[in-house]
Amino acid sequence: MPACCSCSDVFQYETNKVTRIQSMNYGTIKWFFHVIIFSYVCFALVSDKLYQRKEPVISSVHTKVKGIAEVKEEIVENGVKKLVHSVFDTADYTFPLQGNSFFVMTNFLKTEGQEQRLCPEYPTRRTLCSSDRGCKKGWMDPQSKGIQTGRCVVYEGNQKTCEVSAWCPIEAVEEAPRPALLNSAENFTVLIKNNIDFPGHNYTTRNILPGLNITCTFHKTQNPQCPIFRLGDIFRETGDNFSDVAIQGGIMGIEIYWDCNLDRWFHHCRPKYSFRRLDDKTTNVSLYPGYNFRYAKYYKENNVEKRTLIKVFGIRFDILVFGTGGKFDIIQLVVYIGSTLSYFGLAAVFIDFLIDTYSSNCCRSHIYPWCKCCQPCVVNEYYYRKKCESIVEPKPTLKYVSFVDESHIRMVNQQLLGRSLQDVKGQEVPRPAMDFTDLSRLPLALHDTPPIPGQPEEIQLLRKEATPRSRDSPVWCQCGSCLPSQLPESHRCLEELCCRKKPGACITTSELFRKLVLSRHVLQFLLLYQEPLLALDVDSTNSRLRHCAYRCYATWRFGSQDMADFAILPSCCRWRIRKEFPKSEGQYSGFKSPY
């Protein structure tokens, strides 16, 4: 974008120039892309509700667990094992937890009658000893239950362990009971109350419907909106067995997903429940499998404080609430439409890729000559020429050369390094199509002798014999009319150029060269055409006419204005023009790069 230099530059608008190609194949490709993209954009707009402004849910959760369990516990009293029956209600097997979680006890181990005194440690690899030297007074092992006294005492039979100051007797290391003591907790139910709020949309609701049947139980298909869940059903949904998990405990996630459409015409805001096991199922390889913790019941007996230590195994239920609430918003709709408009450009990118590929030199040289089916693709070269304009960087070394006996133009973009320009190969570029509209503006003198149909001047010229080489003609001259350059030695190679690549007649002998380049009447007409009030005095007439003749030849032989700016005139043409419109002092500066 050009810089603004004045106030009028502010009130401008720029747009791209496009090329319209009338092609059944490319038209079909374009509409195929547009239909696919339009279908996808509409589908995503409706299915994902991308026209809505969405807001994350804010929620609070409250739970109530109900159920009664009968526990058969085996205890040892006076050396005799007894089976004790007890009943556990909600207060016995639930524990208060922070956040959106609740805990249900399913198994436990008891150590009764503990009091603070000295006693031997429970025998383990760490606590076994044979003498007092194996125990360190005051040592507190993180895995131990107390502080060592430095004595090694008898635990039972021949086993000796370090004596500790702790709650005695020390808790035994033993496995959780199998089956779980509260195996009937599978039939417990939990009521989940979930209130949600979307403050941005000023909308609040909850998961309990107004006419809820309090005797309902959640079922994935038959009763998916019931907020009362049976614990065994939760594990069944995840593919786990409640009885197996109840032995050592675990962690279960209850997911509540709210996908709320708050638009009046499609209002819907109901929760969707799902379940996920959150702890490690592979208890055999876990370092600490399951879920457990300890708590104590304190009491006094004979004025001595005692406690019953209980190691609790159970299931922690984490309630995870997430979701969004969306409502129609015109800004979101405009943003979405604007972001998808660029997708329609994929058709242009793909078609441009096909045109560029099928018009490449590789296809032209290696594919089209051998593949008959691919020959219709040659039309892409025409499309490419109409679509793209190749521009060469205007370096000081850029030069264009045109030989009358070649159909193409040669581009030389390198330093000559003393070599004659006639001998430099260069790169072949197509000759631009001639625009004959400007010829209609020339004076009628140019058309004095009507050409013979089918026999252009240049074709007649190539059939003539070469002009005999003069004694002054350089070795690189092919037409016999070139003269040595007057430039210094370092720049002389730039003017060592003939109008022909191979021996033949000189272009200066053609009738068209005389009428178009050397005709003083035509050149004066062109100068006045550009500047109607131009005063052609005697001193500047030859200079203006000479440079106008240079430009006429360059435009005639090179066609493109860009090429004409970097065109090098053959020595024969340059000296013929200089002879017709000479310089008074006879010294000429030669070619100068316009950039």
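Along the chain as shown, the residues are counted starting at 1.
Using N, Cα and C of the backbone, Cβ positions are placed for all residues, glycine too.
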ATP binding, same site as THR189, LYS311 - Swiss-Prot member from ARG178, ARG206, ARG294: ARG294
Candidate in CYS135, CYS168 joined to CYS162 through a disulfide, as Swiss-Prot lists it: CYS135
Of 18-35, 90-107, 360-377, the range Swiss-Prot labels region 'C-cys anchor': 360-377
Disulfide-bonded cysteine for CYS129 as listed in Swiss-Prot, from CYS152, CYS168: CYS152
Among TYR257, TYR343, TYR529, TYR550, residue that the record in Swiss-Prot marks as phosphotyrosine: TYR343
Cross-link partner of CYS168 (disulfide, per Swiss-Prot) out of CYS119, CYS226: CYS119
Shortest C-alpha distance to CYS135 (disulfide bond) - which of the disulfide-bonded residues CYS119, CYS152, CYS216: CYS152
Cβ-Cβ neighbours of CYS129 (disulfide bond) (radius 10 Å): 22
For the binding-site residues ARG546, HIS547, LYS583, the one whose C-beta sees the most other C-beta atoms within 10 angstroms: ARG546
Nearest of the disulfide-bonded residues (CYS152, CYS168, CYS269) to LYS583 (GTP binding site) - Cα to Cα: CYS269
Distance in Å spanning the most remote Cα pair of ARG546, HIS547, TYR550, ALA567, LYS583, SER589, GLY590, given for GTP: 21
